[in-house]
């Protein structure tokens, strides 16, 4: 018979089988080899009790089982869990702050969108109210543009209130004048850089106000949204920007909406002239933006404030003669200065100044796409006022044209890499579904194996 000894070397227990002398069960003349069977026993836990999971796994012969693996895994997991709280906490804190900043930026952008849309609707409606007693669109344009002079003083006041390093107005003005070149502002640069943009700015606003005398506020604001399509076409032709098929489709939709708007009342009369004036305003606005990008590039908030104030000064000095010429030629004649509707005039000028400030501040603080959406939302805003207050009845053709123009405007807001991002998102979504399906199959196979063990079937590992 054989005797079984349990030896403990202080590290791992082992079991050894040895033959007793003289009691060999083997036949004589044959060597009886000594058989030693060893396996790693499960480690003893801190309270001196063997892990029950190791016993069960050893008895059932689970594939890939290594004695003590479950206890080691638990210990490693506890150690890693004990080591990671600091890094996880710091990572969670960073993610939390990033999420909070993104949420605040989006909420601020939505607030700016509402303000931009409200200002543009207010400008359009107040102008139409002004025309009832004072039908002088160029004088309104000139008077409103003069208020741009206040842009830089307001910016400097905000700069002084929010920064610790104070600069004098002259220092800040010179710093922001770098938009015109390294040499700063000079009379030559003032005339060369400011004159074209000031003229385009005046033409854009003047044509917009002329269109408001022919069409409803909804039609004019919808047609003005076509400037986004004109910006793309000019940038593609002049600046050699990237060609995008979806934006070509959007430009075609804008042109289709323009034709439908002109066809709504026939290609004659005030309606057709109003459409032409609104499209002209959108065209000069697009040319203004493309030339700004070509010659001046991008500008921060201080440089934008400097630029608008400079245009205001140019308008006050060089364009003031135009209202006088129109007055003496009786193209735009008004009575005494006291008879002018100063309330409406100051309201239009103030709203225009606030609109320009919000557009430039919103681009810095939030997402530029939200500012464009604010301009688009002026269309339903003006439509609501026209229907509720002025009792305007829109024809089906005009509604269809407005919807087509707005849809084209939204397509133009798509980023340049929208197709790549969309394909990447769809691929990621498909991979995620495949992984979830694979996990479901794995879980079902594990449940089937555990059910077979419960019924008495034991998996025997292959040698």
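Heads up, the Cβ atoms here are built off N, Cα and C, so glycines get one too.
All TrEMBL annotations are machine predictions without curation.
In TrEMBL this protein carries:
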COMPBIAS  72-82  compositional bias 'Basic and acidic residues'
REGION    70-91  region 'Disordered'
REGION    436-463  region 'Disordered'
TRANSMEM  106-127  transmembrane segment
TRANSMEM  134-156  transmembrane segment
TRANSMEM  190-209  transmembrane segment
TRANSMEM  221-239  transmembrane segment
TRANSMEM  245-264  transmembrane segment
TRANSMEM  271-292  transmembrane segment
TRANSMEM  304-328  transmembrane segment
TRANSMEM  340-359  transmembrane segment
TRANSMEM  365-385  transmembrane segment
TRANSMEM  392-414  transmembrane segment
* Per the 3+ Cβ pairs under 8 Å rule, pairs at least 6 apart in sequence, do the transmembrane segment (245-264) and the transmembrane segment (392-414) touch? -> yes
* **Chain residues outside the transmembrane segment (106-127) and at least six past its termini with a C-beta under 8 angstroms from it** => 140, 209, 212, 217, 220-221, 344, 347-348, 351-352, 354-355, 358-359, 361-362, 365-367, 370-371, 373-375, 377-378, 381-382, 385
* Looking at the stretches 134-156, 221-239, 271-292, which one shares the most CB pairs under 8 Å with the transmembrane segment (190-209)? -> 271-292
